[in-house]
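Trainee: Sharing a structure, written as structure tokens. Questions coming.
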Amino acid sequence: MVASIVQNPLKLGTTLHLTPTILAPISRPLLFFSNPLQLRAVRRASVSMSYDRQLAAAKKAASLAARLCQKVQKALLQSDVQSKFDRTPVTVADYGSQALVSFILEKELPSMSFSLVAEEDSEDLRKEEAQGTLKRITDLVNETLASDGMTDVSPLSEEDVLVAIDNGKSEGGPRGQHWVLDPIDGTKGFLRGDQYAIALALLDEGKVVLGVLACPNLPLASIASRNQHISKDDVGCLFYAQVGTGTYMQSLDGSRETKVHVCATETPEEASFFESFEAEHSMHDLSSSIAKKLGVKAPPVRIDSQAKYGALSRGDGAIYLRFPHKGYREKIWDHAAGYIVVAEAGGVATDAAGNPLDFSRGRYLDLDTGIIVANQKLMPALLKAVQESLKEKASSL
Ligand SMILES: Nc1ncnc2c1ncn2[C@@H]1O[C@H](COP(=O)(O)OS(=O)(=O)O)[C@@H](OP(=O)(O)O)[C@H]1O
Ligand SMILES: [Mg+2]
Ligand SMILES: [Mg+2]
Ligand SMILES: [Mg+2]
């Protein structure tokens, strides 16, 4: 029975559900426990740890960031796009989204020590020639905050924006809590006017404990059959999951909440699969060979970003295959939110050898070859097909 919620004195910002018998002792620091029975009771209680406050803040931050991105996508100018050192694009919306999420999380959760692992940093924005861009980002952030009626915050200065972006430089790791953010996942899709996602997750002791995926261009209805006419009111999804409580989807305006589940098919022939839109991000020939071995009949569904994890979590497709080209290192922000959204909806995400994804090693996911996602029942056949196709590819080189 959950009788009350109090702050965990050891981990600020985390709540424990406690029964009345152990309520009194925990209001003092744990160090003062003299009775081992009380200590055991508190340890047991921590099993039902709740991240409700963090989830509410994450949903607010991702929804507002989505609003900022939608505004930019509507009026996309060439000058809004820069190129990073690795030649991938970054837009005023990537920076604005990161500044906004960073600012809101810190404001909404003042009692938590704040650590954020995020994709972007302010180095390029601090250059002389980026002054106009920085002003535009700052205006966008302030306009978005004002549009939400956040009258209790004074407008951010350009320096505030740079600092909020650079708060994302944390290295993450296996200890403590760390937010993980991709301010726009699928920037190329964003620039094309296609799918993208604002992906935000929380790690606690190296495990993903909550995730939010805002997908402004994803229809609320299944994308499995693509021919239906979709009105603009029926586009824009927010997926969210907290460990142990399932995955939910709602409209980006906050209405129409539903619990979602992955596709339950046990028959690989009936399964359809998702992969990256960009062949540069995932080897399409390899996924096609795997699909052939499984007997999959449907053509691949190619969409950008972690919108793939969102669509998979509600059963629009049954499998997600991702095989980057040799040498590419996956980043945790490209998968953390999607991973828990799918896992809480009943799916499994592993590397190509079937190992669980490990988010505790810092900014990178060190894994074997690729990432595969499916329901539990399809996993054994999928793993077998993946291993065979990988062997064939290796021997043909
Ligand atoms: N070479 C290479 N290989 C694999 N992955 C790469 C590569 N380059 C980039 N990226 C990352 O892919 C992120 C976009 O996600 P997707 O691949 O799912 O989207 S897409 O369909 O290809 O657009 C994309 O995320 P964003 O940079 O946030 O858009 C990148 O982190
Ligand atoms: Mg990028
Ligand atoms: Mg990304
Ligand atoms: Mg990104």
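Glycine too: its Cβ is placed from the backbone N, Cα and C atoms.
Just so you know, TrEMBL annotations are computer predictions that nobody has curated.
Pulled the feature table from TrEMBL, pasting it below:
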type    : residues                               : note
BINDING : Glu119, Asp182, Ile184, Asp185, Asp334 : Mg(2+) binding site
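Mind mapping these onto the model and telling me what they sit next to?
Mentor: DSSP gives Asp182 (Mg(2+) binding site) a strand state.
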Trainee: Ranked by the number of other Cβ atoms within 10 Å of their own Cβ, which of the binding-site residues Glu119, Asp182, Asp185, Asp334 ranks first?
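Mentor: The most densely surrounded of these binding-site residues is Asp182.
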Trainee: So if I draw a 10 Å sphere around the Cβ of Ile184 (Mg(2+) binding site), how many other Cβ atoms end up inside it?
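Mentor: Around Ile184 (Mg(2+) binding site), other Cβ atoms within 10 Å: 32.
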